[in-house]
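Take this structure, written in structure tokens, and hold onto it; I'll ask about it next.
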Amino acid sequence: MNSSSANITYASRKRRKPVQKTVKPIPAEGIKSNPSKRHRDRLNTELDRLASLLPFPQDVINKLDKLSVLRLSVSYLRAKSFFDVALKSSPTERNGGQDNCRAANFREGLNLQEGEFLLQALNGFVLVVTTDALVFYASSTIQDYLGFQQSDVIHQSVYELIHTEDRAEFQRQLHWALNPSQCTESGQGIEEATGLPQTVVCYNPDQIPPENSPLMERCFICRLRCLLDNSSGFLAMNFQGKLKYLHGQKKKGKDGSILPPQLALFAIATPLQPPSILEIRTKNFIFRTKHKLDFTPIGCDAKGRIVLGYTEAELCTRGSGYQFIHAADMLYCAESHIRMIKTGESGMIVFRLLTKNNRWTWVQSNARLLYKNGRPDYIIVTQRPLTDEEGTEHLRKRNTKLPFMFTTGEAVLYEATNPFPAIMDPLPLRTKNGTSGKDSATTSTLSKDSLNPSSLLAAMMQQDESIYLYPASSTSSTAPFENNFFNESMNECRNWQDNTAPMGNDTILKHEQIDQPQDVNSFAGGHPGLFQDSKNSDLYSIMKNLGIDFEDIRHMQNEKFFRNDFSGEVDFRDIDLTDEILTYVQDSLSKSPFIPSDYQQQQSLALNSSCMVQEHLHLEQQQQHHQKQVVVEPQQQLCQKMKHMQVNGMFENWNSNQFVPFNCPQQDPQQYNVFTDLHGISQEFPYKSEMDSMPYTQNFISCNQPVLPQHSKCTELDYPMGSFEPSPYPTTSSLEDFVTCLQLPENQKHGLNPQSAIITPQTCYAGAVSMYQCQPEPQHTHVGQMQYNPVLPGQQAFLNKFQNGVLNETYPAELNNINNTQTTTHLQPLHHPSEARPFPDLTSSGFL
């Protein structure tokens, strides 16, 4: 046993693909007589006919050798005999009338569909092993878990699939008493391949327990050979089933008598580690391809044909397998290819494969190198389709470094000449003289002919340009994304060429600069001369027949084209009028229509209005004793309103040229004495800290200046105030100048209408009066009024300003063209009266 255990072998794909049979033409001189050849031809014909009757796909049948055809034929007949007995179907039912045949075929079709669905829902595969360790039956789903096809394991020794350390345990589970050492029959021998006793003991059914006995149930774990993407090469499987009689085999003993049915293990093998949800969803789409060592496809299973759409002949006759890989993924796959050649496994990689309908599908792949006689023989690639979102996520995480080392010769297999045609060159090399496109095409053709057919760039050149320029994907937004990576891969290849030094005669990477026209650019660049050299291609003809222009493709690439709003309509209901009104109020509060004059220039003005000012001051002195209490409280209210509205600093960003309609509600003519006592200048004003910081300004209308007439209904008077020219005099910020500017004459003879009252307050206070209602406020501190004193410099400036009579101010045409007269001009006070009386608000028309 020890000597034979050294020659332990595992299951592998031993059969070779038979040479395709071709019918030779009959020679003209006639058929030569060769009995042995005629016998071989007749035998091959019968074997081909027998193979066509097997219940396997045609691609599996084409790969079977003669011994495999005979082996599978015997196993199929044995399985059919078992089911005939198990299902108790009589020959009369099978050979009945036409109606019975139709009903039987219908039931058979239903049963077949039900069985397929059950196998798909099962997390594992079905395995039937006889007591002599032969695989009686294995379901087709064994390929999804172990990588072996159904035809590879049927009627083969099960020990070729089992790990050497688990074979003894598996043999013990095959015995009904879990004690195979009791088999001391003369037929017992030693199997050379496994080193285990090969028992041929036949039991009488009366000597063993019945089928429904608990002693016949089995549940154990062993490791099976796995060709899929696991590092150890074995997969731990859980076997759960029972020993049952295998009917209908009709085996004969040594004396020629028919032996009774023998026991066999009917079990379901499931992976010990349960699969994830993702594996459950995608396990039915896993397909496998077989390649040569240079990645040339030589086979594909049925699921691969469904996913990719190619037939096996189309895959195997196109040459290098890199023709089916996206250009942006070629270098990435080539790196994994070299890793697999060195280590025997590529690891999990994600890339794009080209389907038959010119679509790119993302797959997760793992390649394994299989050996024969100690030498690499071929490559088995297991691939699982992915969604576009999963593939894009893997692509963003991919390392974009150069995979090859040019100094060690790893890039020798991938020639790096520049064979790109004008339409595919992502970064054309422009020459000084600017050669034409025809010369470039000729150079490209020569470079393409000089390429090694098995090189990476040769495979890229054999791809159709339309799969990158016009990808037939479900969403057009993926086109720029794919072309972007395609151009990046082209640039990487070109960088390889630029950085490569000669290494030898035949093993160097050749670099040839191809002259390209300057109007040729990449697809994503949107150059005006794009695709000029492709107008004679078949692709251009197809697009012309479909009515598609290259300009349409440019619009499809532009993502902004899909996001533009071409309605051009503005819904005024979407405009927030509240913000506009508040903005206008704030602007009106922060702008002054009157600009003061300079204090230095006021003293140099001529004294032409002394009579008017003296009369004004005389009237103020007469009324100061009667209106002292009336003035103090409104003045405090005015300061409180200014503090509440926070008008400090609101007059900085104003524009005197802005047109602002000013609404002035007409009030009943009232006379208020603003300042009755000007001797108390030394007394501290309670709101001086707030008033001094405010750049309050005000100018006055000249004595002979015409004003606007009174409104007919005495409601509101709207007139523009934005065209006043700014005064050349700087603003005053002191409290004295502020107090001085508020004094206006009340009884003046200007020849104007006495019924009209002109209102000249600041714009900010007009807004304050209209937007806030005057409520009685507590009186904090009474301010001693200042009586006019001509000796004071501030008052003297005020007197000189009005005695001159010429203020050099320009007013709108609406004010200059009115010839009304007024005997007395009443000043609308800038503060509120003592009684609680709400002021009328400005109407919305004044703002809108």
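Each Cβ is built from the backbone N, Cα and C atoms, and glycine gets one as well.
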Look up region 'DNA-binding' in Swiss-Prot and report which of 38-66, 270-298, 531-559 it refers to.
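Residues 38-66 are the ones Swiss-Prot records as region 'DNA-binding'.
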Using DSSP, what's the helix, strand and coil tally for the domain 'PAC' (348-386)?
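Its residues divide into 0 helix, 30 strand, 9 coil.
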What does the DSSP secondary structure composition of the motif 'Nuclear localization signal 2' (37-42) look like, as residue counts for helix, strand and coil?
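Across the motif 'Nuclear localization signal 2' (37-42), DSSP assigns the residues as follows: 6 helix, 0 strand, 0 coil.
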Mind looking up the mean pLDDT for the domain 'PAS 2' (275-342) in the predicted model?
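The predicted confidence over the domain 'PAS 2' (275-342), as a mean pLDDT, is 84.
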